[in-house]
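**Student:** The structure that follows is given in the form of structure tokens.
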Amino acid sequence: MSKSDYYDLLGLSKNATPEEIKKAYRKMALKYHPDKNPGDKAAEEKFKELSEAYDVLIDKDKRAAYDRYGHSAFSDGSGRGGFDFNSGFSTDFSDIFNDLFGGGFRGGRSSSKRQDGGTVGSDLRLDIEITLEDSFNGTKVPINYVTHVKCSSCSGSGSEGSVKSVQCNTCHGAGNTRTQQGFFTIERTCHVCNGEGEIIKNKCKKCSGSGRVRDEVNLLVTVPKGIESGDKIRLNGKGEAGYRGAQSGDLYVYPNIKKHKFFTRNGADLYCNVPIKMILATLGGHIEMPSIDGTWTKVKVPEGSQNGDKLRLKEKGMPVINSSRRGDMYIQITVETPINLTKQQKELLKKFDEEPNTVECNPQSTGFFQKVKSFWNDIRSS
């Protein structure tokens, strides 16, 4: 049976760069890897062909020989100065995976494993709701969640009795087995110890040898002053318990601050909209304003204040997290136009508008309409 062209196998042109070869092989190897296709002989054979093609094309000398002589360059006794077949593909393909995939396939020691074989517990996430006042003052929030916790009967070892575990005779403690198939090696997770490298002789009846059981956890979370929505609180070791005494994961608590009826927040600064009467905006005066700390502050409104003007109260905002500083509070003025006026009130306003100095009293609107009039005259005269 003739062998497939290496370039065609990987879907490459003969001018492919090493980066393109690696990318193509990675894509195809992920699809046909034996760990992803257990028991599929066709996938296993395809994987062998892909690995052979990669081994040749990624090597400068082997690729040059292949480009010149084709598959015959690697035949026994080719007589063309080519490579011996058996020595030409001596690569351990687990090295290829470590290079291309970062050791992510099962069969190597995964990053989720600790050195002595136990699987580290997963990190957990929990969302809580707090008020803006809780964020200002700091608070403690009771939480509860269900996860794997360390088994109390065996203290997490998974074993009953003095002998905790013995080395797996199949993988000899490595957690994986290697099978030589022709010119390369396939590495798989040991099916006897499931990659742990150890076997428990007398399993704990409560946890069935896992060293952990499902249970409810109740904690009191300390929420620091100044925390914002999107921040996270990390509780070390409060996540899922590790397998057979391995390290537990962490718990991440994400606070969500409820919408406040008065304030909006931007970082450590607080903002609020305050409607004031037209007469107050015109003549100036004072208003009493509540702060997030529960105190009241007398705030001066300048004479001639306009709609949208902002008044700043220094250090009346939120605490800066892990600091003694505070943000500011900004009051945005909304000048309220009077409604439901009496006839007498309307006459007074008309009389005021007819006063000769109203141009100076309303410089923005007067100036605007003068510009409009000038613009219109320019159009008519053009």
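Every residue gets a Cβ built from N, Cα and C, even glycine.
From Swiss-Prot, for reference:
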BINDING   Cys151, Cys154, Cys204, Cys207  Zn(2+) 1 binding site
BINDING   Cys168, Cys171, Cys190, Cys193  Zn(2+) 2 binding site
DOMAIN    5-70  domain 'J'
REPEAT    151-158  repeat 'CXXCXGXG motif'
REPEAT    168-175  repeat 'CXXCXGXG motif'
REPEAT    190-197  repeat 'CXXCXGXG motif'
REPEAT    204-211  repeat 'CXXCXGXG motif'
ZN_FING   138-216  zinc finger
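Describe each of these features in terms of where it is and what it packs against.
**Tutor:** Around the Cβ of Cys154 (Zn(2+) 1 binding site), the number of neighbouring Cβ atoms within 10 Å comes to 26. Secondary structure at Cys154 (Zn(2+) 1 binding site), as computed by DSSP, is coil.
Within the same chain, residues at least 6 positions away in sequence whose Cβ sits under 8 Å from that of Cys190 (Zn(2+) 2 binding site) are Cys168, Thr170, Cys171, Ala174, Gly175, Asn176, Thr177, Gly197.
Note on the repeat 'CXXCXGXG motif' (151-158): mean pLDDT across this stretch is 90.
In terms of DSSP helix, strand and coil, the repeat 'CXXCXGXG motif' (204-211) has 0 helix, 0 strand, 8 coil.
With DSSP classes pooled into helix, strand and coil, the tally for the zinc finger (138-216) is 0 helix, 35 strand, 44 coil.
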**Student:** With every protein chain in view, how many other Cβ atoms are within 10 Å of the Cβ of Cys171 (Zn(2+) 2 binding site)?
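**Tutor:** Neighbour count, Cβ to Cβ under the 10 Å cut-off: 21.
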**Student:** Which residues, given as numbers and ranges, are at least 6 beyond the ends of the repeat 'CXXCXGXG motif' (151-158) yet have a Cβ under 8 Å from it?
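**Tutor:** The answer is 164-165, 200, 203-207, 209-213, 241-245.
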**Student:** Just give the helix, strand and coil counts over the domain 'J' (5-70), going by DSSP.
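**Tutor:** DSSP composition of the domain 'J' (5-70): 50 helix, 0 strand, 16 coil.
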**Student:** In whole Å, note down how far the CA of Cys193 (Zn(2+) 2 binding site) lies from the CA of Cys204 (Zn(2+) 1 binding site).
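**Tutor:** So the Cα of Cys193 (Zn(2+) 2 binding site) lies 16 Å away from that of Cys204 (Zn(2+) 1 binding site).
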